Structure formats: structure tokens, C-alpha cells
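K.L.:
Just dropping this structure here.
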Ligand code: NAD
Ligand code: UDX
């Protein structure tokens, strides 16, 4: 099947590549010339395990191509995925300008029936806006062409994006006509072999499902984070509590880890956008207000622990940071807790030496060559002469350090662990002070 993907970011590139992998003829469009040039030269603009090889394989097979030519893309795919960004507006609601621009470009250039599918995370009612934009452009051309609108939100996780797309838990499809459902069903058939994972529903429910999933997961995490802070005060251990409640199948073990706050390109923005949409409908999700406040607070927790230990004036201190990405296996630092910690340390006069396996170029892009941040090539090099270590991302490489060597490198043997990586007994037995999240 011929497929066009508009927006070649995380979601667009993964979607396009995985659809090519199962045999479709895919054209990926982006307005970012630089991104398309990198892809045309055989590279990929993001770090995502397994993706680069898959891109290369499908480009070589002639099933995957990249372009900045809007007209070519609008003509190519019988299915047109819109996978552009929906960043927050000043008030937190989703900015739909890129989605609407993509819809207009399709309307301006399409020559025959298309299924136009929203894959971006968009508020309820966006499909109507997409339909109106396409219709308006067709009317301007004096053309009458049939098209269908569908909503197919994406649930992939960065760092596991290829696996999530190739073996989805579910494929949510909001569609209101049989022709669109049939085309989409055949497109997804290769991902849907032994067990029917396609859930077809009305468009508004599909749009809401995406926000509901992210808001539910963000709520779980914030709840665990608040419980962890309480456990600390009470002298209880959140890890014991996690085991105790996760064993209940109604609760389950996933997404129950307390830490230094959730980040990324989705949870923070989608929680905000959902609150704004609720407001537009004269409603309020009080729980989500609390989730957001709790998470902002949680991103300060490591800094609070550092100032409680060393005092509020940190001038002259150097703190080592392990992990800059918002989670492991990605170079993405959007809304990463590390950014809040680094800024807070700087405000109190400290300098930072940091290591991350893949996000260091992203840190340089964000912070420039600020002399208060030194980036080094190994975890151990970050510790040299540092006053303490703060762990922000749970990369595998941080899980089993040599505590004796670690102690020898630090000026003060103190670890502030924002991801609860170690057994506190082991760390303390090595003569290191250990502050984790909600642990004894
Ligand atoms: P991204 O910023 O990585 O990529 C978006 C791309 O769209 C950019 O390359 C941009 O240049 C391009 N673009 C913007 N306007 C365009 C236009 N008119 N025509 C062509 N290209 C255009 O964003 P992302 O992380 O891939 O997210 C895309 C959407 O998917 C968002 O709504 C996001 O909430 C949602 N989503 C993201 C994830 C994730 O983990 N990143 C997961 C699920 C859903
Ligand atoms: C999320 C959703 O999981 C995914 O379904 C959606 O499509 C996009 O948004 P992603 O942002 O890639 O995916 O990462 P995720 O693994 O969900 O982690 C988000 C944040 O929550 C990270 O900062 C992570 O460290 C944090 N987290 C996750 C916790 O603090 N505790 C947990 O138990 C799980």
C-alpha cells in the first residue's frame, strides 16, 4: 500500500519505517530540510534502538523514501498520516498549527480519494478541524474529491519505539466510515496476526483515549512519588510498598516506580493539554491539577536533598550528574528532570560535571558551552573531584558501579539517587552516604 507520513520526528520516522518494513511503499515528508538531508544520507536524526538499521534496510529496498516536497507527499499515499508535533501553547493547550498546516497541504495537492489519519496526539474535536481545513482547500481549488478522516493515536515509548510499533498492545482506530476502516485494517494486518488488537471506535473516543492513557500513567507515577515522600517522613520504604501493592493484579507492577519526576515529550504536555481541553468543555480534572503540581515538586526533590545535606549556598561545590535524558535509551531531554536539577544547582552557585551515554550532544545543544557544565566521556570521569553524585536517569551502565572506586573519586562520599538504583545497605556498607527517593 502507498503511505505518506507527514512529520518525520520520533513518531513519524518510526511509523514510516515500520510500515515500510512490512512491505508498504512509504514516503516521509518533513519541513525540516536538515532532518531530511540526514535521512537521505543514510543517518537518522534521533537516537532510537534498532531504528537506524531498519531505516537503512528499507531505504535500500526502495520501500522508504524521504522528501520535503509537499505536493509529492500529498499525491503519494492512499493513506496520509499526520505525525507532526503538537507542542503546548502559552496556556498549555495543544498548539494545532502544524496539524492544520499539514491538513491544508493535503487539501491543496491531493488528486484522488485519501484517508487522512491523525497520529499526532490531539485534543478531542481536532478531526473536525482537519476535515474543515482539507475541505476548505478543496473548495478553493473548485475541486470535489472524497476523503475520510481517521484518528489513530500512537502509544510507542521512546527507547522501545520500534518494538512497541511492531508488537503493539493495541491499535486504536477512530473512524466513521467503512471505507477508511477497511483500508486501515488491511494496513495494520501484519501487526495484528494472531490476536486482534485493532480497537475500532468513534473518532472523539479515539482522540480521548490517547490523553486518558497518558494521564492515567502520569497519575500513577505522581501518586507513587507523593507516597515515597510520605514514606520517607514515616520511616517506611517505598520499594517494599511497591512490591506489596504491585502484586495485586488490579494494580500491577508497571509504572509504579517513584523517582525524581516524570519528563519527556508526552506526559507533561499531555497532562496540561487535557486540563485545558476539560476547561473548554466547562469541566475540570482536579486530579490532573494535583498530578502536575506533584510532578513539578518532584523534579525539585534531588536539589532539596542536596541543599539539606550541603546548605543552600552551594558556591564552590561541584556536583556530578549521571544521566541527562528524561529516561534511558533515548537522547531526548524534553522536560527532563536533569534540566531542573542543573538550573537549580547553578542558581545556588554550584557547577556540574555530567555523563550520559547518548544525550550529551543534546545537552550541548540546550546549554551551549556554558562553563558551569562540563560533559565527560565516562561515568567515573564525572566523579573526579566532585562533592557528590546525583543520579537522574536509570541507564543500565549505572546499575552496578564499583562503590570502592566511586568513593575514592568523590570529595565527599555521598550519592543522591533519583531512581532508586541500589540497595541502600550495599551503598552504606561501602562507606557512602546514600539518599534515595522514599527509601530507608
Ligand atoms: P517531533 O518534534 O519529534 O517531530 C515532529 C516533526 O514534524 C518535526 O520533524 C517537524 O519538523 C515536522 N513538521 C512540523 N510541521 C510540519 C508540516 N507542516 N509538514 C511536515 N512536517 C512538519 O515530534 P514527535 O515526538 O514525533 O511527536 C509527534 C506527535 O506524536 C505529537 O503530537 C506527540 O504528542 C505524539 N506522540 C509522541 C510520542 C513520543 O514518544 N515522542 C509518542 C506518542 C505520541
Ligand atoms: C509515554 C507513554 O508511556 C507512551 O505510551 C506514549 O506514547 C508517549 O509517552 P515516553 O514519554 O517515551 O512514553 O516514556 P515513559 O517510559 O512513559 O516514561 C515517561 C517518564 O515517566 C520518564 O521520565 C520516566 O522516567 C518516568 N517514569 C516512568 C517514572 O518516573 N516511573 C515509572 O514507574 C515509569
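Even glycines carry a Cβ here, placed using N, Cα and C.
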K.L.:
Of 269, 279, 407, which one shares the NAD(+) site with 30, 35, 86, 121, 158, 334 in TrEMBL?
P.N.:
269
K.L.:
Figure out which of 114, 305, 317, 327 sits with 155, 156, 157, 158, 210, 255, 256, 257, 258, 259, 263 in the substrate site per TrEMBL.
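P.N.:
TrEMBL names 327 for this substrate site.
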K.L.:
If you count other Cβ atoms within 10 Å of each one's Cβ, which of the binding-site residues 256, 258 has the most?
P.N.:
258
K.L.:
Based on the record's binding annotation for NAD(+) (30, 35, 86, 121, 158, 269, 334), what whole-number value in Å is the widest Cα to Cα distance?
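P.N.:
Of all Cα pairs among the recorded NAD(+) binders, the widest measures 23 Å.
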K.L.:
Considering only the binding-site residues 30, 86, 121, 334, which possess a Cβ situated under 6 angstroms from at least one atom of ligand 1?
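P.N.:
Near the molecule: 30, 86, 121.
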K.L.:
With DSSP as the yardstick, break the domain 'UDP-glucose/GDP-mannose dehydrogenase C-terminal' (320-424) down into helix, strand and coil residue counts.
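P.N.:
In the domain 'UDP-glucose/GDP-mannose dehydrogenase C-terminal' (320-424), the DSSP-based counts are 35 helix, 19 strand, 51 coil.
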K.L.:
When the Cα of residue 157 (substrate binding site) is compared with the Cα of each of the recorded positions 30, 35, 266, 334, which one is closest?
P.N.:
266
K.L.:
Using a 6 Å cut-off on Cβ distance, which of the binding-site residues 86, 210, 258, 269, 334 come close to any atom of ligand 2?
P.N.:
none
